[in-house]
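The structure under discussion appears below in the form of structure tokens.
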Amino acid sequence: MTYRAWTLKQFDRAALKDLTAAIAEQNTEELEMNAMDDEPWSEQKYAATLAAQQKEVGLLAGILAARGITDPTEALTLLAGEEELSDPMLLTDMDKACARILEAIDKEQTIVVYGDYDVDGVTATALLYQHLKGMGASVKCMLPSREGDGYGLSKNAIQSIHDKGCQLIVTVDNGISALEEAEFAASLGVDLIVTDHHLPHDALPKAVAVVDPRRADDHSPFKGLCGAGVAFKLCAALDGCPPEEMLDYCGDLAAVGTVADVMPLTGENRTLVKAGLKLLQQTDRPGISALLEEVGLEGKPITAENVSYAIAPRINAAGRMDNAVTALQLVLCEDEERAEELAHKLNEINVARQETEQEIVKAAQEQLDAEPAILEDRVILIWGRDWHPGVIGIVASRLVEKTGRPVIVVSVDEHGEGKGSGRSVQGFNLHECIASCEDILLRFGGHAMAAGLSVREEDLPELRRRLNEWAARECAVLFTPPLECDLSIHLDRITVESVRRLEQLAPYGAENPTPVFVLEKAVIDGIFSVSEGKHCRLRLRQGNASIYAVWFGMPPEQLPYTMGDVVDAAVNLSVYESLRGAQLSGRILELHPAGFGNAAAEQTALVQALRRGTPLSAEQKARIAPERSDIITVYRELQARRWHAEDLQPLFAKLGEENTGKILVAITALEQVGLIAVRERSGAKFWELVPAEGKKNLADAPILKCLEER
């Protein structure tokens, strides 16, 4: 069990008042300017409109203030979404890259655009390929296969390109670490231009040009471009036009790559993605149009969330399960009938990916159920034979969501070599952790939040030990990062129009998340099953106002709350059009018992540390050590009713949140001496009493002995 603290952002209320007034005034002036009236507005009409605007934009201004944007000028610029795109020529080596490409076009030399098998790599490849083709270049494109080639430019690929008589390779979304490959290309007389966005090593590839905004000597102002974003800048530089003009031609592909690669949706990326989403809405690309139709988005508003959850997974699935060339063919396809076939094929591949993912998640969960001690580890390492390497990263993400711990999932092949993919939590550098085990790894790479590795099967137990040894040294008590909430609101003060105004903050994504609101002391007025029991919908009431909110992934039988319970709810808000007109709806992120603080999260982390053998201070032990009477109280509660084993917050609330640690230690002790156990009933897990065989001595519980040790 892992519980997450909530943090509510603080801001200057006086600054919020000024900000609200500035936004309302700007909106009122725009309304007056766009009005069809021949006569100027009267003072009364202006004042009435201004007052109405202040009510409508209050929620929007509150989110801006909560996120540290209180300067009216900065706020109005952000809301207008008019940040300029910087000059592509400010990117180091862009001039050299353009000169060599233009030379190749002039001399009719064949250019190969070499990409990657993920969404960013596919869109970057398509974007640059189409632009060069439009310039009259002799151009081909090439993508590696995940299984056969692995990530990035390889010597085999370079040899193949050379054998086909091609004179120039331009990488997109890869190449910054291809030091040996660059030298190999040079030895064959093949010129190389690297365009990438990943962090370089100490040395750069010896190439004609290396264009990467994250180079130490790069002078461009924005460092958050993805591979498709860098390719977009290259196209603008080749045309010699302002990048804003290029948005109408390939902003859609750059936007898809940016969103899919989870790049920050701030600064230039915000401008690029806003324009790209508009272009997707009215796309003239047969392949993209067919994909939108396949996923049910044709004619509907296209948002960054649509791209993340509907478009990107299907493009990604090709590279994960099959060959990314299928996705590239779709993006480049100009024949409508063929585009429909490819879109349908991608959808089928994605369904296969989902099924494979579910199978591995199930196998991983069975492994965790069979070896519960693994769940006590700071870093969870699990492995299985012949798990599909294309989806183990997604499985790791799923397990991180469930456990709140860094997770590495390894697939062992028939030769005894394991390929692993790991995902981390904020505040824990997974790359450094893995690097500490370098001597027993075949290969590894990545960054703080995500990393990959290769390891011999026989070294996996030692790897698990070493990973957790490092974690214990660097992070004795691993706290789950808190859920950051923007504003606490009351439903009777929120309107459809005020929530609609929040769309001015979109597109939402990395570093610009969908606003999170807290509904305090909301009563659960209704519980409804959704999608054959996969999710539930709750009716939450505050006073006389109520809202329906969906909790995805929470089956009704697993909901630890009942009708009439009073809760605090962390939700996203949106507007949907119903037969009764526009209505507010919510998406539940988490529920807490009303008034719940952060003690549960803090004390749970201490109990988990104790269970895995981490030395605690005397003060920490005192906070979570139960008296015998506390254990008896917990036992009687478990005797009186069934409590959900996977969410004990209602029990903590009943017995006092400040006693969370003592409750968890009591439950652990009762389980260790065989008085209680987890039982599954109708798909949910509950704590239940076990018929006692002979007398049980609580003093025998290992967790209580640990607390007694000095």
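Each Cβ is built from the backbone N, Cα and C atoms, and glycine gets one as well.
Fair warning: this is a prediction, and the values are worked out from it, not measured in the lab.
Features as listed in TrEMBL:
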- 339-366: coiled coil (COILED)
- 110-258: domain 'DDH' (DOMAIN)
- 381-472: domain 'DHHA1' (DOMAIN)
- 485-576: domain 'RecJ OB' (DOMAIN)
Could you count the residues of the domain 'DHHA1' (381-472) that DSSP puts in helix, in strand and in coil?
37 helix, 31 strand, 24 coil
Would you mind giving the whole-number mean pLDDT across the domain 'DDH' (110-258)?
95
According to DSSP, how is the domain 'RecJ OB' (485-576) divided among helix, strand and coil residues?
16 helix, 46 strand, 30 coil
